[in-house]
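Copied over from Swiss-Prot, here are the features:
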type	residues	note
ACT_SITE	LYS95	active site, schiff-base intermediate with DXP
BINDING	GLY156, ALA182, GLY183, ALA204, SER205	1-deoxy-D-xylulose 5-phosphate binding site
Amino acid sequence: MLTIADRTFDSHLIMGTGGATSMAMLEESLVASGTELTTVAMRRHAATTTGESVFDLLRRLDITPLPNTAGCRTARDAVITAKLAREALGTNWVKVEVIADEHTLLPDVVELIDACELLVAEGFVVLAYTSDDPVVARRLEDVGCAAVMPLGSPIGTGLGILNPHNIELICSRAGVPVLLDAGVGTASDAALAMELGCDGVLLASAVNRCQDPVAMARAMRYAVDAGRLARGAGRIPKREHAVASSTFDGLASWSDQVL
């Protein structure tokens, strides 16, 4: 079970909607993933949208929408966007993103911390997209974030987890859920995140931009479960030298042979 603030989810996989080629494909992928929580950029919300919107789809599938502040460059913009989301969708949950520049899409952690502190004071349940810096993650927890979401690598790159040591360090020190966010390229990346101690994984491009989104969504679902089970099972320690899995007792020797 994944518990964030006052909500509990069976699935540890959080999906994003960005990059989906069609509503039909998005629906199939979401169902295949088994997700119960899905992020949507607030700029995709429009009261005059014709046909079924992303929010209508999530409501029909009984998936909790998690509005995010994607595209915001300052704390002020993020706070305004979060308040608009609360008014439009009736939720105080928000994934806070404050991007430093359009080339790297890396978080501006100074603006991010300011935005999160302001939103927590306003009664929001804040999930913060951040760098893989353990000090920043601790600071976000200190200001009241309900979850920290360190990146594995830059958004959309599919490079996987570039600094597994930092991710594991964040997980070992956190008192709130740690959700790997950004950089996942394939199922093994998601499994590794869970093996490192993450409580969940958020991904979008890895599914929505691959050759077979439905198959990849299903793979991610199993990968997250496998990684979580492996973490709980406890891996064997890494060793410099080989250790035989079977003993040498009972092996025939030259002296045992009858000539």
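From the backbone N, Cα and C atoms, a Cβ is placed for every residue, glycine too.
Note on the binding-site residues GLY156, GLY183: the fewest other CB atoms within 10 A surround the CB of GLY156. For LYS95 (active site, schiff-base intermediate with DXP), applying a Cβ distance below 8 Å and a minimum sequence separation of six or more within one chain yields THR39, LEU66, PRO67, ASN68, THR69, LEU127, ALA128, TYR129, MET149. One way to see the shell of the 1-deoxy-D-xylulose 5-phosphate site is to take the Cβ centroid of GLY156, ALA182, GLY183, ALA204, SER205; the remaining same-chain residues with a Cβ within 8 Å of it are GLY16, PRO154, ILE155, THR157, GLY158, VAL184, LEU203, ALA206. Ranking the binding-site residues ALA182, ALA204 by how many Cβ atoms sit within 10 Å of each one's Cβ puts ALA182 at the top.
Residues listed for 1-deoxy-D-xylulose 5-phosphate, GLY156, ALA182, GLY183, ALA204, SER205, cover a largest CA to CA span of 9 Å. The Cβ of SER205 (1-deoxy-D-xylulose 5-phosphate binding site) lies under 8 Å from the Cβ of GLY16, GLY18, GLY19, ILE155, GLY156, GLY158, VAL184, each of these being in the same chain and 6 or more residues away along the sequence. The secondary structure of GLY183 (1-deoxy-D-xylulose 5-phosphate binding site), as reduced to three states from DSSP, is coil rather than helix or strand.
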